[in-house]
Amino acid sequence: MDYKQRVGVQSLVEMGSVDNRSMLDLDYECLLSPGKDARKIQIPFSDQQLPLSDGFPIRYHKMIRNRVYGSIKTVVFSNKLNLLMPFGPQAILVHKLTANNAWVFFLSLLGITPLAERLGYATEQLAFYTGPTVGGLLNATFGNATELIISIYALKSGMTRVVQLSLLGSILSNMLLVLGCAFFCDGLVYHRKEQVFNKATGVVNSGLLLMAVMGLLFPAVLHYTHTERQVGKSELALSRFSSCIMLVAYAAYLFFQLRSPNDFYSPIDEEGSHDGEGSDNDEDEAPEITKWESVIWLTILTAWISILSGYLVDTIQGASEAWDLSIAFISVILLPVIGNAAEHASAIMFAMKDKLDITLGVAIGSSTQISMFGIPFCVVIGWMMGREMDLNFHLFETATLFITVMVVAFFLQEGTANYFKGLMLILCYLIVAASFYAHEDPTTTNQNKQPKT
């Protein structure tokens, strides 16, 4: 056999090895870079490659099926908290078969918990493709999407006090319970060294929280001092105007945070105070699902949370009567603690890994989002719906928020954390919980007796 014939036989053997490659490898290569994969397949001697195209529809369907299975495995079966997902369908089944509102409320609350965590996961995956600017807007929109969806359903039912109390409870739980548990666990794990975080972020967030308290304080003062120029109208008009201002301030905060110098908001690890291993690990992170998979999962999870939120809101009154608990206690304590359990766990996990800057972003950043974006957004949505949602959270609730913001701002001003500070924050939250257990809000009873429209 001469040289040219030997070369031809070798080429055919190599082409055969391409045909016999693992179908799964070809599928994933085609998915990740279809243009690159097409160039690999289009090798010379195209007349001899025609048999490859005969099985293309089969390979394409296999690729789609494998990708769907892989996406479901990554999103649904990769987290132990997803074991609570079956409680959502059980809540709907109990609602159809019985009239036990307490069980429907409890099962809906458990079913929403893993969905809220997966919604945050899908948002983080999408942020890999959109960049930091759009990613920040996505976090602002979907970071507290569960609370906003529940609030919108409550607004549609005319339960404005439930909206106010549930959003207030999210702020209090994030600032006291979540941050306190994170500081406490971090102090116990790293008790031999001082825990330091970038206090510039805490100072800016504390200032925004004080601005939110100002927005909630003046409508309440206007109401209780009876100094309205137009009784029943000035308070609502002031709330809507202040809400628009707060939304503008939060948009400016996002722009400032994303466009500020890198050393202003950079974590302590990147400045050299710690080992710097955290920043290296962050650079190695890569998306686990594709951009369109993230969008599809965001749509599915948001729709499922919306369905369960309807059952949750409709059964709050029944759960309050069955458990002999006030609606104020359920809205301020139970809804945020159980509904945000995944967010609480992630903040503690980052703290135990000595990543306090991320913990502050989860706890204080989430409180800032709710106070400067969530509450004003609900006021504007209620305005569009014709609901008189205002910023008058009443004297007891406004005073609780004001004292909480002052206590947390005092603990954050040094830029250090230890287990004693965490314990103090946890004890403060227990005092708040006991206060709302003893507190009875008469307006919630009157509102829930109103017929739905």
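Each residue's number is its place along the chain shown, starting with 1.
Keep in mind that glycine also has a Cβ here, set from the backbone N, Cα and C atoms.
Feature annotation from TrEMBL assigns domain 'Sodium/calcium exchanger membrane region' to 102-258, 294-435. According to TrEMBL, the feature transmembrane segment maps to 97-116, 136-155, 167-190, 202-225, 237-256, 295-313, 325-352, 358-383, 395-413, 419-439.
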Maximum Cβ pairs under 8 Å to the transmembrane segment (97-116) - stretch from the list 167-190, 237-256, 325-352, 419-439: 325-352
Candidate ranges 167-190, 237-256, 295-313, 358-383 - greatest C-beta contact count to the transmembrane segment (202-225) (under 8 angstroms): 358-383
Secondary structure content of the domain 'Sodium/calcium exchanger membrane region' (294-435), with strand meaning DSSP E or B: 120 helix, 2 strand, 20 coil
